[in-house]
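Here's the structure we're looking at; comments come further down.
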Amino acid sequence: MADGHLMRDGFLKKLDSDSISGPALILIIATIAGGGCNFLFQIMMQNTIPNQISELNTLLSILYIISVPAGAVQSVVVKFVSKYKAENNDDAISYIMRRTFILVAGLGAAIGIVTSFILCTDTIRGALKLTSTTAIVLIGAAIFFSLLQPVGSGALQGFQKFTKYGTQSMLNYALKLIVGFGAVLAGYGVAGAIGGVITGIAFASILSLFLVKDHLLNKGTPVKTNEIWRSTVPSMVGMLCYTILTNVDIIFGAILFDKDPANYYTSASTLAKVALFLPTAVVGAMYPKIARAYEEGRDSSPILKRSLAMMLVLSLSVCAVYVIAPEFILNVLVRGVYPLEETAPLMRTLAIAMLFIGLGNIFMYYGLAVNAHSHIMIMGLSVAVLIGAIAFLSIAGIAITPYMLSIIMIIVGALNASLCVIALKLSNRKMRPMSLR
């Protein structure tokens with residue numbers, strides 16, 4: 001028994017070491033489990049409340065976009081915890097974490113209240129076809145907890161405690177599935193599904209903060225924070241652009257299409273996002289490693305290359321299945337819920353779009369880790385092209401179909417990935433970490 005504990009502890013320590021493969025393995029396992037729960041949540045919702053799936057995912061897309069500061073805060077916390085950990089400066093880590101916690105708690109409460117109020121107005125509610133007031137109120141509460149969570153989870157990443165980080169992330173999705181599905185079965189509809197979402201986020205927030213409580217309870221030593229807030233802006237802009245790029249098509253669908261086309265477009269878009277789940281684990285492991293290597297003046301190109309290779313293997317595998325057999329997937333997961341002739345082509349094209357966008361996300365986080373912001377500008381340009389294309393077609397009086405929207409997503413995703421590769425090659429002699437060659 002003692003030998004078993006020693007082997008287990010040794011294995012966990014090895015996985016939390018400086019190699020990218022160990023942390024990536026932990027996060028991939030957690031992401032498969034958590035993403036599996038999230039995927040099952042969507043499948044169960046599509047089978048139990050198919051006529052409300054557009055409304056549910058419109059609210060979730062709004063939550064993800066409005067909660068973008070959470071991603072920015074997490075990126076900054078990861079970066080500076082990594083920085084001060086390398087300097088063995090625990091007091092600086094405590095100071096930054098406490099100040100960040102106070103800031104995001106106030107910001108989250110304010111944004112949550114304002115968002116719920118705006119969504120309850122007749123104009124917005126009518127345009128987005130929202131029917132549940134309870135669900136709207138719960139989205140406001142979810143925003144509050146979404147902004148709290150990165151203080152703890154970002155610190156766990158920065159400390160490279162990937163096992164604990166993966167555990168709290170996985171439990172988030174598990175509770176979302178269990179509570180959400182149970183509430184829907186009990187007859188609470190969209191509000192019940194959103195109730196599951198907020199339960200998972202709230203639990204993960206509290207757990208992650210508890211795991212780093214020693215640093216939160218320590219007042220720490222004040223350090224200059226100008227660099228931190230300068231880093232927050234590009235992180236927030238980058239995360240905002242990425243979140244818009246991966247979610248705004250569902251909102252466009254709710255506005256542009258009738259209820260049934262909006263529902264099956266939302267179904268296809270949600271299923272296609274599986275191509276983003278596993279690469280997210282690679283990004284989570286890559287970012288703190290590259291940030292620390294950059295701070296220590298080491299070459300980060302091997303980490304980037306391995307991350308890109310892992311991401312491509314994972315995403316291409318998922319994408320290939322979606323492109324080759326979308327009808328089979330739909331028959332297995334949502335048989336008879338949505339018309340195959342309409343939904344299958346959308347799944348095929350949107351999976352390809354998500355592959356390109358996931359590749360751009362890897363480059364964006366690399367840029368954030370090494371203070372190179374060209375990839376953030378590219379992500380912003382991609383969002384502008386997407387919104388501009390929709391606006392142009394609408395002004396020109398051209399009716400936008402679900403398939404047309406999915407093709408636009410492919411074009412924008414391919415543009416994003418191509419420009420990121422070009423930017424990396426052009427900047428490889430200017431950045432301290434070596435790039436791809």
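Here, residue 1 is simply the first one shown, and the rest follow in order.
The backbone N, Cα and C atoms fix where each Cβ goes, and this holds for glycine too.
Taken from TrEMBL as is:
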TRANSMEM  20-41  transmembrane segment
TRANSMEM  61-81  transmembrane segment
TRANSMEM  101-124  transmembrane segment
TRANSMEM  130-149  transmembrane segment
TRANSMEM  170-188  transmembrane segment
TRANSMEM  194-212  transmembrane segment
TRANSMEM  233-257  transmembrane segment
TRANSMEM  263-287  transmembrane segment
TRANSMEM  308-325  transmembrane segment
TRANSMEM  345-366  transmembrane segment
TRANSMEM  378-400  transmembrane segment
TRANSMEM  406-427  transmembrane segment
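The transmembrane segment (130-149) makes no contact with the transmembrane segment (345-366): fewer than 3 of their CB pairs lie within 8 A, with pairs spaced 6 or more apart in sequence. Among the stretches 61-81, 194-212, 308-325, 378-400, 406-427, the one making the largest number of Cβ pairs under 8 Å with the transmembrane segment (345-366) is 406-427. Tertiary neighbourhood of the transmembrane segment (263-287): same-chain residues 20, 23-24, 26-28, 30-32, 35, 38-39, 42, 46, 50-51, 53-54, 57-58, 75, 78-79, 157, 162, 165, 246, 249-250, 253-254, 257, 303-304, 307, 310-311, 314-315, 318-319, 322, 329, 333-334, 337-339, 342-343, 346-347, 350-351, 353-355, 357-358, 361-362, 365-366, 368-369, 402, 405-406, selected by CB-CB distance under 8 Å and a gap of 6+ residues from either end. In this chain, the transmembrane segment (378-400) lies close to the transmembrane segment (406-427): three or more C-beta pairs between them fall below 8 angstroms, excluding pairs fewer than 6 positions apart.
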